[in-house]
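Visitor: Here Swiss-Prot flags His109 as active site, drawing on sequence analysis. Sequence annotations record features per position, and here Swiss-Prot assigns NADP(+) binding site to Tyr26, Gly27, Ser28, Gln29, Arg49, Ser52, Asp84, Glu85, Val86, Gln87, Gly135 based on sequence analysis. Feature annotation from Swiss-Prot assigns Mg(2+) 1 binding site to Asp192, Glu196; the stated evidence is sequence analysis. Per Swiss-Prot, Mg(2+) 2 binding site is recorded for Asp192, Glu228, Glu232. Feature annotation from Swiss-Prot assigns substrate binding site to Ser253. Positions annotated as domain 'KARI N-terminal Rossmann' by Swiss-Prot, on the basis of sequence analysis: 3-183. What Swiss-Prot lists as domain 'KARI C-terminal knotted' is 184-329.
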Amino acid sequence: MAATIYYENDADLSHLKGKKVAILGYGSQGHAQAQNLRDSGCEVIIGQRPGSANYDLAVSHGFEPMSIAEATKAADVINVLLPDEVQADIYRDSIRDNLSEGNVLMCSHGFNIHFGQIDPPKGIDTLLVAPKGPGHLVRSEYEKGGGVPALIALGEGASETTKQIGLAYAKGIGGTRGGVIETTFAEETETDLFGEQVVLCGGVSELVKAGFDTLVEAGYQPEMAYFECMHELKLIVDLLYEGGLSYMRYSISNTAEYGDYVTGPRIITDETKAEMKKVLEEIQQGEFARKWISENRAGAPFFKATRRRERLHGVEQIGLGLRRMMNWIDEKEV
């Protein structure tokens, strides 16, 4: 079934006229969406904790940030753009009791609403508008007259009026210039988590480390292993980004393409796909969400320890030195 996609003519900014939009959290998505909405003529207020770098950033962008509670109370449309792991507590402490009937509660990732960590009271519609790109790209494309495609989803029982508000919001941030795909909270949340865990983050990280370790353990120089298993990944990803698998294969050597066909299926096997299906089931059934919520309530000991350990892996250590040889890279360290 073909996706339903909305464009500029399908959305009307007048549905936000006379409404105050609160952006809660002035991070990557918050700063981009807030500025784009303001430039589109919408009335925007910012909820951000005083004393933080993002508070100062909002001030430098011409906003007058207030507390989360104050921004919620003052707004008609409230978009929660805070980190997933803190949303539920902040919702209970500062948002829930400051909502008024008829408000629209928004997010750009459905984790907390889909998994029941945020359960709005009766009379509050929920809405998701999710740009499919990082905040800096959402902002820069808007400024150039373009827009990053986005997703839109309505919560259970949400009205047609809320849908029109969502489309207006998407237009205000530039989404309808690229196209806004209709989805559901479940689909956005579950596919997002699956992609992160199986391919984009978990899958790629483990593939890179395993490839690097295999070469080093076989006696090859770690510098060579880094180039072949980490550094050159960007070249391939850029080709995929621009033209998909076919363009990538068109652009590489015939030797590399042949190796792709004969060796790829030996690495990603039927057993791998079966494990992917298990991961998807765990996401769908809420098992991953329960683990992540429990981890954070305990102070995130596993998460923090694993983060520290992963930074000591050989591919990370050798990369620090090699990237300093590449003056065209805007090197980042954490």
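Placed from the backbone N, Cα and C atoms, the Cβ positions cover glycine too.
The model shown is predicted, which means the values in this text are computed figures rather than measured ones.
What's the neighbourhood like for these features in this structure?
Guide: Cβ neighbours of His109 (active site) (same chain, under 8 Å, six or more residues apart in sequence): Asp84, Leu128, Ala130, Glu188, Thr189, Asp192.
With a cut-off of 8 Å between CB atoms and residues at least 6 apart in sequence, the same chain places Ala34, Ile46, Gln48, Asn54, Tyr55, Leu57, Ala58, Phe63, Pro65 near Tyr26 (NADP(+) binding site), listed in sequence order. Taken residue by residue with DSSP, Tyr26 (NADP(+) binding site) is part of neither helix nor strand, so it is coil.
A simple way to gauge crowding: the CB of Asp192 (Mg(2+) 1 binding site) has 18 other CB atoms within 10 angstroms, across all the protein chains here.
Cβ environment of Ser253 (substrate binding site): no same-chain residue six or more positions apart lies under 8 Å away.
In the predicted model, the domain 'KARI C-terminal knotted' (184-329) has a mean pLDDT of 97.
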Visitor: Note down the number of other Cβ atoms within 10 Å of the Cβ of Asp84 (NADP(+) binding site), including every protein chain shown.
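Guide: A count of 18.
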Visitor: At a 10 A cut-off on CB-CB distances, which of the binding-site residues Arg49, Gly135, Glu196 has the highest count?
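Guide: Of the binding-site residues Arg49, Gly135, Glu196, the highest Cβ count within 10 Å belongs to Gly135.
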Visitor: With the cut-off set at 10 Å between Cβ atoms, which of these binding-site residues ends up with the most neighbours? Options: Glu228, Glu232.
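Guide: By the 10 Å Cβ neighbour count, Glu228 comes out on top.
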Visitor: Determine the Cβ neighbour count for Ser28 (NADP(+) binding site): the number of other Cβ atoms within 10 Å of its Cβ.
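Guide: Ser28 (NADP(+) binding site) is surrounded by 17 other Cβ atoms within 10 Å.
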Visitor: For Val86 (NADP(+) binding site), what is the tally of other C-beta atoms lying within 10 angstroms of its C-beta?
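Guide: Excluding its own Cβ, Val86 (NADP(+) binding site) sees 13 Cβ atoms within 10 Å.
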Visitor: Please tell me which one of the binding-site residues listed here (Glu196, Glu228, Glu232) sits closest to Arg49 (NADP(+) binding site), measuring Cα to Cα?
Guide: Glu196
